[in-house]
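Okay, structure first, notes after.
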């Protein structure tokens, strides 16, 4: 925190000379009479009853209302930022710095409040509806309605607009093919009504560049840059919203003033850095354009050269080199332009000032974000490839280097192993294609005493395994005692009714919470350390058994006990946890699983490690996608682990615990380090501090002859909600 505090005085705002605080005099234009969610719902209802003019009216109003609210929010935030200009604090007493800082915050807040709606929640879109607008769903309704009222040109534009963002939509593709064959439909009718100006201009510039029309290329690329910074300003302004709690974290969030400010400000900065990706993304395309902003100057320097403008060519080359100073080709180009123009004329030409300012601001933001990643465990994934290495703290650089080297080594060795397996598969020509799924499985468990009891074949599925002997009887008892002790100490969700059934209670503890309670002497510290080590043990077993090419990262983990409520068991027909899929929303009637939020789409593998079997019910079972046809059942017992991939191939549930208490460690993993658990980073650091060792004790059990497994991830992001297996 100490490195952040000196920066605070630089952020002081004031709205003119000292004076009384008050709301701004300026007021924004009125908000739409109806919020976009109500208009969208009205349009959908009109569609259902076939009232096509009403569909057009309501959906068009919904689109305009959402755009107006967003534009109003951007205008308001930018106006308030401009009205509270930065003032230097040099020469002031140090004791006044904090007061001036918060005085500026109050002025900004008063300004924002003055232009906000009287009922802000009425105009705030929920996640689901925001997703519908991002998917351009209103245009799906509109294209049908326009066609029904014989406005074919508008129908074509709406269909094209929807298809640009949904290129896999088969029906819309067929509609567009039909429109192309219709008489009177022009090519210009196929317009993207949601096209972003900066991307449109960039594409035009690149097209003219490819067609060797440098003058036209320059015109559109320069326009693209202007529009880019307009879009960047708007995107960054929209980041300054309320704090986004992750899952159920708000129930346990407990931070002091500076921790809360840090958490929120880092979230805002991370969002603003994410505008780089947002502005480089194209609807319907999975990956954004790499190095999007610098690439403008790569095109421009050569276009200006072909146009005979060496001054501008030098300016753009030097600007590009701000991002990639060691680019060999660009340095050669710059040397050539300088030689042609002359050293005396070329030397005074500087990179563009607005790009210098952009780069400086971006690097300062990255320094703060990497610092918070290193010190507080708040993850940050840099969207740029041009960031200088020295911006990243040395300790974090070393961590990332070790992770990359370990991942590369494991990938290479697994690749060699897979080549051997592929050779075996080719030799067995008579085996079915399904066999390849099982061949990937079956790697060593890497720990003595552990053995595979059931594999995918015996569990009637794919990417499934049951392992016994993961824990000893004494370790199971010790971890059960830890759960009860942590519940007595209080961890935020002890003794609550289960979120999945009113007939059971549950309580539990996360790894970090257990370690903190151990540090405070409220639970045995060695038991908390055992809990940490056991989760690492399961992770390494999963990586090795499923022969994963990249490391697994913890997405969420907790030790939880479910207890049957005796008086609520009579006539009980529900499950302890109904059938579900861990990374998608299961629609059992349609036999589909939709991989989109609010599902935890980033989860790739799941595991549950049982601590006991002395209870009634509580069996774990797999089903088909219909959630009814059971394919396999696993009875819990001490030291038994069930591991499986988290996708639609593995719907699963937990049968009712009808008597006694069932305790287990539930673990979810991700292959994407951006979604790894923030608490895990803090737990890793706490273990190193408490036990003064660089390696977890259990890792020493792995013999030198066995296959290497993935290194422990030190990346971290958010803790998911308290969901259970």
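Even glycines carry a Cβ here, placed using N, Cα and C.
Swiss-Prot lists 580, 582, 652 with the feature Fe cation binding site.
Residues or ranges marked as coiled coil by Swiss-Prot on the basis of sequence analysis: 394-441.
Here Swiss-Prot flags 557-671 as domain 'Fe2OG dioxygenase'.
The N-linked glycosylation site feature in Swiss-Prot is assigned to 82 (among others); the stated evidence is sequence analysis. Under 8 Å, Cβ to Cβ, and six or more positions away along its own chain, residue 82 (N-linked glycosylation site) finds no residue.
The N-linked glycosylation site annotation in Swiss-Prot covers 460 (among others). Cβ neighbour count for residue 460 (N-linked glycosylation site) (all protein chains, 10 Å cutoff from its Cβ): 13.
Annotation note: residue 533 (N-linked glycosylation site) sits in a helical segment as assigned by DSSP. Residue 533 (N-linked glycosylation site) counts 16 other C-beta atoms within 10 Å of its own C-beta, drawing on all protein chains shown. Residues or ranges marked as N-linked glycosylation site in Swiss-Prot: 533 (among others).
Broken down with DSSP, the repeat 'TPR 2' (136-169) shows 26 helix, 0 strand, 8 coil. Per Swiss-Prot, repeat 'TPR 2' is recorded for 136-169.
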Using Cα coordinates, what distance in whole Å links residue 580 (Fe cation binding site) and residue 533 (N-linked glycosylation site)?
28
I'd like to know which of these binding-site residues, 580, 652, is least surrounded, judged by other CB atoms within 10 A.
580
Could you check what DSSP calls residue 582 (Fe cation binding site) once collapsed to helix, strand or coil?
coil
Between the recorded positions 533, 582, 652, which lies closest to residue 460 (N-linked glycosylation site), Cα to Cα?
652
Residue pair residue 582 (Fe cation binding site), residue 533 (N-linked glycosylation site) - Cα distance, angstrom, rounded:
24
Just the number: how many Å between the Cα atoms of residue 652 (Fe cation binding site) and residue 533 (N-linked glycosylation site)?
27
